[in-house]
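Asks: Have a look at this one.
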Amino acid sequence: MTSVVVVGTQWGDEGKGKITDFLSANAEVIARYQGGDNAGHTIVIDGKKFKLHLIPSGIFFPEKISVIGNGMVVNPKSLVKELSYLHEEGVTTDNLRISDRAHVILPYHIELDRLQEEAKGDNKIGTTIKGIGPAYMDKAARVGIRIADLLDKDIFRERLERNLAEKNRLFEKLYDSKAIVFDDIFEEYYEYGQQIKKYVIDTSVILNDALDNGKRVLFEGAQGVMLDIDQGTYPFVTSSNPVAGGVTIGSGVGPSKIDKVVGVCKAYTSRVGDGPFPTELFDEVGERIREVGHEYGTTTGRPRRVGWFDSVVMRHSRRVSGITNLSLNSIDVLSGLDTVKICVAYDLDGQRIDYYPASLEQLKRCKPIYEELPGWSEDITGVRNLEDLPENARNYVRRVSELVGVRISTFSVGPGREQTNILESVWS
């Protein structure tokens, strides 16, 4: 039995899809365990970009099983669209399995997401307006509709009528907005359910059987640790648990069956939306990193905020996710800079701290304490071994590993599969 969890260690967009795709070559089952279509991942195969939001990266390996776990919230309309996109590109989806326990995102979730965000005014949290939060709210309130319910027409009708009655009271009375008409969505979404029916199964059984039979299982997280609802920069977080612990809840696999946790990070930091970001850059260096790194959201298209590598954030992520290995991406983006910086601690009201505060007010007052390293000018996109990196780039990689306290198993010098280099196999 070997199972590996891939988690983002920053605020998402670290290149998890690329690393999952890379590690999938040696896995037999690939599963997602949380989130929805609010997070996008981009995979480059033979120079062609594929952008996915719901379906695991392993779908590009037809001989492997790809799983949408019970911890996800699934917009059936988005899922059917994504399946059609893959079919048009010649990608088979016969290897997809969808948990019958996953919850369903419906139009009223998206509308409520929009209205709640608008009502916050200047205190917006930067939601993607995909209905993720309201769907998880319904799940916690025990009024959610699951995939299993969607497939049964009578049950779906009864639960949709009940939920719409409640949500429409909110829309009309609280938000002074239009009600959603039952007939406008019932048949449409029931039909989506019928289109995905052949993929639906108890995925916990599949995953546990695979592990019990010695197969390699890869768990793919969405977003990142710093967006975790418990461990992230609350309330500027997502509504689920991207941390490695989320696997056990979101997949139905017990914690004793998790072997390794790979933390994915970039050689710098980025985030989309509002919230604390101690190392954020507002100068020409930040603009250069954004442009060279193509830092625009896969889902929203919004320019990402960028900053220097933050080892305080990384140590927090290592601790709360039990990270055993690190995948360091986008080293090439820093090429051409005379000096590169790493945040090693914060100055909080004149006191040096090496932990990430829970208080937003304290975070606002935190000033990064940097360690400066000499940069490198060489084009490193063709490098295939650590020893072939320029000395300064090599020193940067080693310093990142030292500060985070985790060994680096892969490093990447570009978006392609062939640009990910192995230092140590996580499957051994």
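Don't overthink the numbers, they just go from 1 along the chain as shown.
Cβ coordinates come from backbone N, Cα and C, glycine included.
On a predicted model such as this, the values are computed, not experimentally measured, just so you know.
Grabbed the feature section from Swiss-Prot, which reads as follows:
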type     : residues                                                             : note
BINDING  : 12-18, 40-42, R304, 330-332, 412-414                                 : GTP binding site
BINDING  : D13, E14, G15, K16, N38, A39, G40, H41, T128, R142, Q223, T238, R302 : IMP binding site
BINDING  : D13, G40                                                             : Mg(2+) binding site
ACT_SITE : D13                                                                  : active site, proton acceptor
ACT_SITE : H41                                                                  : active site, proton donor
BINDING  : T298, T299, T300, G301, R302, P303, R304                             : substrate binding site
Asks: Taking the Cβ of R304 (substrate binding site) as the reference point, list residues of the same chain whose Cβ is under 8 angstroms away and which are at least six residues distant in sequence.
Replies: D13, S270, R271, V272, R290, E295, Y296, G297
Asks: Given the binding-site residues N38, T42, T128, Q223, which one has the fewest other C-beta atoms within 10 angstroms of its C-beta?
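Replies: T42, out of the binding-site residues N38, T42, T128, Q223, has the fewest neighbouring Cβ atoms within 10 Å.
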Asks: Quick one: of the binding-site residues G15, K18, N38, Q223, I331, which has its CA closest to the CA of G301 (substrate binding site)?
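Replies: Nearest by Cα distance to G301 (substrate binding site): N38.
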Asks: Going along the chain, which residues six or more apart from V413 (GTP binding site) have their CB under 8 A from its CB?
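Replies: In sequence order, I331, D332, I380, T381, G382, V383, Q419, N421 meet the Cβ cut-off.
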Asks: Taking DSSP as the reference, which of helix, strand or coil describes K18 (GTP binding site)?
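Replies: In the DSSP reduction, K18 (GTP binding site) maps to helix.
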Asks: What whole-number Å value do you get for the CA-CA distance of R302 (IMP binding site) and G12 (GTP binding site)?
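Replies: Given the Cα positions, R302 (IMP binding site) is 14 Å from G12 (GTP binding site).
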Asks: Out of G12, G15, N38, H41, Q223, point to the one nearest P303 (substrate binding site) in space (Cα versus Cα); all of them are recorded positions in the record.
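Replies: That would be G12, the closest of G12, G15, N38, H41, Q223 to P303 (substrate binding site).
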Asks: Could you say which of the recorded positions H41, R302 has its Cβ with the most other Cβ atoms inside 10 Å?
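Replies: The residue with the most neighbouring Cβ atoms within 10 Å is H41.
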Asks: Measuring Cα to Cα, how many Å separate G12 (GTP binding site) from Q223 (IMP binding site)?
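Replies: G12 (GTP binding site) and Q223 (IMP binding site) have their Cα atoms 4 Å apart.
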Asks: Counting all other Cβ atoms within 10 Å across every protein chain shown, which of the binding-site residues G12, G15, G40, G301, P303 scores highest?
Replies: G12
Asks: Fill in the CA-CA distance, Q223 (IMP binding site) to H41 (active site, proton donor), as an integer in Å.
Replies: 10
Asks: Using C-alpha atoms only, work out the spacing between G40 (IMP binding site) and G15 (GTP binding site) and round it to an integer in Å.
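Replies: Here the two Cα atoms are 10 Å apart.
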Asks: Of the residues named as IMP binders, D13, E14, G15, K16, N38, A39, G40, H41, T128, R142, Q223, T238, R302, how far apart in Å are the Cα atoms of the most distant pair?
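Replies: Maximum Cα-Cα distance: 34 Å.
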Asks: Does anything in the same chain, at least 6 positions from K18 (GTP binding site), have a Cβ under 8 Å from its Cβ, and if so what?
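Replies: When sequence neighbours closer than 6 are ignored, K18 (GTP binding site) has H41, T42, I43, V44, N329, S412, P415, R417, T420 within Cβ distance under 8 Å.
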